[in-house]
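A.B. asks: Have a look at this one before I ask anything.
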Amino acid sequence: MIKFVLMVNRQGQTRLSRYYDPVELNRRTLLENHVVHCCLSRRKDQCSFVEYKDFKLVYRQYAALYIVVGVTDNENELSVYELVHNFVEVLDKYFSRVSELDIMFNLDRVHIILDEMIQNGHVVETNKSRILAPLTALNKMADG
């Protein structure tokens with residue numbers, strides 16, 4: 001099961017966070033700081049899977065952004081690694097080459113995309129067209 005998804009920049013600033021297990025707000029900040037430090041301090045030639053406390057971290061870097069996913073021990077790391085790539089491909093398709101600014105100024109839309117892919121910590125959709133269907137409908141209503 002997926003416990004959380006974080007999107008952070010190279011400076012360690014959180015741009016997106018979604019938790020699927022309840023975590024107190026003051027503990028979230030501490031958790032994010034530790035997790036981000038753990039992933040950002042690793043070299044590029046090191047594995048993108050990290051054992052961290054009672055779960056595993058799967059992270060992937062795209063330009064200046066890191067996407068970090070916390071998963072339970074029984075989750076397949078490679079499938080989560082590919083899920084992260086699929087998430088970025090969907091963002092690229094929607095934003096036409098997504099950037100950190102796109103994430104910051106369209107956070108609601110990024111959350112919609114993530115919510116279409118993951119619900120209650122489980123992957124429910126990977127098809128790019130189906131994931132973007134709600135946003136396409138929203139855009140048509142706004143334009144029409």
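Note that Cβ sites are derived from N, Cα and C of the backbone, with glycine treated the same way.
Feature list, courtesy of TrEMBL:
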type	residues	note
DOMAIN	1-141	domain 'AP complex mu/sigma subunit'
A.B. asks: Over the span of the domain 'AP complex mu/sigma subunit' (1-141), how high is the average pLDDT in this prediction?
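C.D. replies: The average pLDDT of the model in the domain 'AP complex mu/sigma subunit' (1-141) works out to 94.
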A.B. asks: Across the domain 'AP complex mu/sigma subunit' (1-141), what are the DSSP residue counts per state (helix, strand, coil)?
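C.D. replies: Helix, strand, coil within the domain 'AP complex mu/sigma subunit' (1-141): 66 helix, 37 strand, 38 coil.
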